[in-house]
Amino acid sequence: MDTQIIAAEKPLMAQARPRKPAPFLPMSRAEMDALGWDACDIVLVTGDAYVDHPSFGMAIIGRLLEAQGFRVGIIAQPDWHSAEPLRALGKPKVFFGVTGGNMDSMVNRYTADRRLRHDDAYTAGGEGGKRPDRCTIVYAQRCREAFKDVPVVLGGIEASLRRIAHYDYWSDKVRRSVLADAKADLLLYGNAERAVVEVANRLAAGEAPRELDDIRGVALFRRVPEDYSELHADDLDSADEGATRQKGATVIRLPALEQVEQDKEAYARASRVLHRESNPGNARPLVQRHGDRDLWLNPPPIPLTSDEMDAVYDLPYARAPHPSYGDAKIPAWDMIKFSVTIMRGCFGGCTFCSITEHEGRIIQNRSEGSILREIEKIRDKTPGFTGVISDIGGPTANMYRMACKDPKVEGACRRPSCVFPEICPNLNTSHDDLIRLYRKVRETKGIKKVMVASGVRYDLAVESPEYIKELVTHHVGGYLKIAPEHTERGPLDKMMKPGIGAYNQFKRMFDAAAEQAGKKYYLIPYFIAAHPGTTDEDMMNLALWLKKNRYRADQVQTFLPSPMATATAMYHTGVNPLRGVRHGGSDKVEAIKGLRQRRLHKAFLRYHDPDNWPVLREALKAMGRADLIGSRPDQLVPAHQPPGTGKAAGTRRPVRPGGKTQRFTTKGLRVMK
């Protein structure tokens, strides 16, 4: 049974009006005719190809609304050059729902060096260019052009992480809320099942979008009600961190758009307050001035109970791409079709990651029964299944059923992480439920192997030697990807990641368990280059650690400042929002912005690549560490240069939109067209 910090007013499926499910949600008039529909109640417009599977947001929302009795159509990756493709299913009777897809469209389209990507894992054939940049804005505007009087509701991760004024890496400026640019009526942030059901039912009952200002997880433009008292974000940066709270209805006023555009400390303060007001148990509404209007954000949605999670994942998905794609491969589908999501949310709080800002810090778990039913569906219905579950987990592999021991403490907590700088004593870190689940899945008829491919929080895993033994003995296939991200305390503190000692402890336990099981397994560590707070010396020390431990890392990535992440605020402002932000007294952070330095940091991670040796030799000399140039084991790069090498890709300039396309790399791996 779930112990909720705060209960929803009504269960998610309380108003369900089951209708016969469509084989696939229709994407054409012909499919609507076959279903006997004269119109759609709701049309969902998405930047992804339509795959009817719970790993794809439009499928979850579409099937959930179908279960509420609505006729739901899908328009996937429409031609955005005119409004006509948005009229393909006719005028929706209730609303247009618009999502950029499973990824922010700019993250999906450009690398960390702002180079154009050639492919798109969420498109048939893996072809890039099937969605516009900032596609949530473009689609919403085309929906409004197609049918001016139909409400437009934004959702998905792109809208969710751009819900307030935010720094945009690709334009290198602060942009206003996506709700303003899209000219939509409402924005639903986070996992929006509760909100979208209530919005749909109330709009269908005749309410206007502006009247839906009491729904959690909703952002809209509205005036501050007279019965609310305002608490300015500046007041939360007092020595007691705003511990003295005003009684009654209170809204926190963030620094205005015009202020955060000009004042970087004001931007950092807004980021800090937003993240501290993310607990559904104690978060208050936020308001931010945009010109002559107030953008209002209601508190975050109430997490789903296990029964509600089961209801969502048990909906009648076809578990396949829409037939209109024929035999075309959709890479994202091929990657996940034999995997199972068992939970949502993450309490790690890594500053470079936006999972917490979208899914929340509270873990939402499926029951064992629901998970086992899905595995049986994969076994029985998914073509090509050979008995191997490719991955079982969620945003992390091993937070299943972990929670605060005391709901009252959880409801009052404003910590950005439950595991940094140390694991909170109020956190239940037992892996027993997860171990039991693994065993039941392995016992399922027809299942030969269950893999845990990535996402293990090693700082949690070392709390359970039994879990590591279970993992290594049964759920690793040759190697396990793991993410220490760095070795040096400076950048790790800015990332809110544990020290390298925790990784070393996990590696010792992993290796011992592998030896005991008679296996030859390996860890593949991930590292980030150019994260805020990282110095050239930090990267040099990381490279020395890699060489000492005989790692030649291909799995590296350059920090990408994604919308709303705390590390993005550090990158943009040079201020650390993890600490109190006060004019003239804020904790400063070094941000690595120059292309030359960013690529130097990545070159340190690939110290073994001869193409990187010239730039590394030059940097080591400038740092006064020419002693690390030579062929001894304790030296980093040799003095000689093999013929035909030394032309590092780091000298190439990024491609801007409209420029010549080129090959690109992701996490250090060459990706072909």
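Cβ atoms here come from the backbone N, Cα and C positions, even for glycine.
What you are looking at is a predicted structure, and each value in this text was computed from that prediction instead of being measured.
Summarising the annotation, Swiss-Prot assigns [4Fe-4S] cluster binding site to C346, C350, C353. According to Swiss-Prot, the feature domain 'Radical SAM core' maps to 332-611. The region 'Disordered' feature in Swiss-Prot is assigned to 632-673.
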Report task. Excluding C346, C350, C353, please set out which residues of the same chain place their CB within 8 Å of the center of the CB atoms of the [4Fe-4S] cluster site, keeping sequence order. Result -> G348, G349, F352, S354, I355, T356, P395
Report summary line: One finds that other Cβ atoms within 10 Å of the Cβ of C353 ([4Fe-4S] cluster binding site) number exactly 19
Report task. Determine the mean pLDDT over the domain 'Radical SAM core' (332-611), rounding to the nearest whole number. Result -> 96
Query raised in the report: According to DSSP, does C350 ([4Fe-4S] cluster binding site) fall in a helix, a strand, or coil?
Result: coil
